[in-house]
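The block underneath contains the structure these notes are about, expressed in structure tokens.
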Amino acid sequence: MIFSKPVLFSAIQPSGNLTLGNYIGTMRHWSKMQDDYECLYCIADLHALTVQENKINLKKSILDTLSFYLACGVDPNKSIIFIQSHVCQHSQLNWILNCFSQFSELLRMTQFKIKRKIEKNCAKRTSAALFNYPILMAADILLYQTNFVPVGRDQKQHVELTRNIANRFNSLYGNIFTLPEPLITQYGSKIMSLLEPHKKMSKSDVNKNNVIFLLDDIPNIVLKIRHAFTDSEMPSKIYYDIEKKPGISNLLEILSSITNKDINVLLKELEGIMYSEFKNIVADSLSKFLFKLQKSYNNYRCDESYLKKIAYEGAIKCQLKSEKTLKNIHDKLGLITFFK
Ligand code: TYM
């Protein structure tokens with residue numbers, strides 16, 4: 001045991017502006033987990049290199065992301081917040097796990113297939129890192145003997161792969177790794193694009209009207225919600241049905257997640273109203289919610305020395321914890337050391 005409580009690990013790659021999907025899919029759960037779990041919240045900057053083109057943006061994105069972690073209620077006195085590249089044990093375990101991963105299982109990763117298709121369409125070459133990306137994620141998780149991983153639905157397959165790699169390693173070397181479980185909520189684990197609700201809301205979407213960014217200004221948020229795709233059912237009726245009414249169902253999931261109200265409770269309250277009125281309610285709730293979040297974010301973002309202190313202290317804690325797992329693995333693998 002390297003921690004006294006069950007361990008929870010989550011991360012976001014700072015590859016651009018964070019979206020409402022990131023918030024609803026994972027960040028909104030983080031603060032309430034802090035009392036019951038040993039929480040590690042990581043900024044996956046090495047993952048961001050797989051898609052990153054501009055190093056100045058990456059620096060900014062890392063600090064933006066860190067500020068959002070704090071604004072969402074992650075308390076550095078209760079949880080560990082750290083930047084992945086500050087803890088070199090992640091890269092070391094990444095290599096070792098590469099030796100226990102199979103080419104064919106990586107080829108099956110849906111996220112890789114999607115990203116590769118996008119890169120091909122833009123005439124970009126696919127890096128080996130994009131292919132190996134889920135193994136670094138497995139290293140992140142397994143390094144701390146993680147029990148739970150709160151993620152959106154798109155990352156479920158990666159956590160399953162992590163379990164497979166851990167199982168393979170354990171069957172050869174004994175019970176080295178804890179098998180992690182994904183924590184995925186029924187609603188809000190896949191927020192969809194506003195204009196094309198059959199696809200995931202994603203920070204890399206070329207059509208910015210598909211996406212609510214956490215830093216969008218309020219009038220823009222209202223416009224985006226008002227223009228969101230619904231459907232032409234007559235007479236218009238608000239109910240939850242992903243297949244028949246993907247647009248309305250998506251807006252219901254958004255409203256339910258930010259108000260913490262059950263969808264069935266919302267449906268009773270919304271009975272008989274028109275789509276336009278429904279959108280006004282969503283836009284109003286979301287604007288109020290994001291206004292508060294942005295205010296808190298701005299307070300943290302302007303204090304870079306505080307942000308650096310948090311990241312430094314987090315890294316030191318993680319280095320100490322992860323070194324224990326890594327030493328044990330080196331020992332099992334027969335890698336010798338002449339250093340104390
Ligand atoms: P990333 O940066 O793409 O997304 C971060 C988190 O946000 C969730 N998410 C969504 N949830 C609901 N609806 C959406 N539209 C939506 N878009 C994104 C993702 O599921 C994710 O939970 N590989 C990871 C980062 C990572 C990680 C880890 C996660 C690196 N190491 C270890 C967990 C554990 C990624 O690229 O997430």
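Every residue gets a Cβ built from N, Cα and C, even glycine.
Note on TrEMBL: of 14-22, 230-238, the range annotated with the feature motif ''HIGH' region' is 14-22.
Looking at 50-54, 90-94, 200-204, the range annotated in TrEMBL as motif ''KMSKS' region' turns out to be 200-204. ATP is bound by Gln13, Pro14, Ser15, Gly21, Asn22, Gly152, Arg153, Asp154, Lys200, Met201, Ser202, Lys203, Ser204 in TrEMBL, and the record lists one more residue there from Ile191, Ile212, which is Ile191. Only residues 6 or more beyond the boundaries of the motif ''HIGH' region' (14-22), in the same chain, are considered here, and those with a CB under 8 A from a CB of the stretch are 43-45, 47-48, 51-52, 57-58, 61-62, 64-65, 68, 152, 190-191, 200-204, 211-215, 254, 286. Checking the binding-site residues Gln13, Asn22, Lys203 against ligand 1, the ones whose Cβ sits under 6 Å from it are Gln13, Asn22.
Among the record's ATP binders, Gln13, Pro14, Ser15, Gly21, Asn22, Gly152, Arg153, Asp154, Ile191, Lys200, Met201, Ser202, Lys203, Ser204, no two C-alpha atoms are more than 19 Å apart, and one pair sits at exactly that spread.
Confidence annotation: the motif ''HIGH' region' (14-22) carries a mean pLDDT of 94 in the model.
Comparing Arg153 (ATP binding site) with Asp140 (L-tryptophan binding site), their Cα atoms are 18 Å apart once rounded. Between the CA atoms of Ser15 (ATP binding site) and Asp140 (L-tryptophan binding site) there is a gap of 17 Å, rounded to the nearest whole number. With a 10 A radius on its CB, Gln13 (ATP binding site) counts 24 other CB atoms from all the protein chains.
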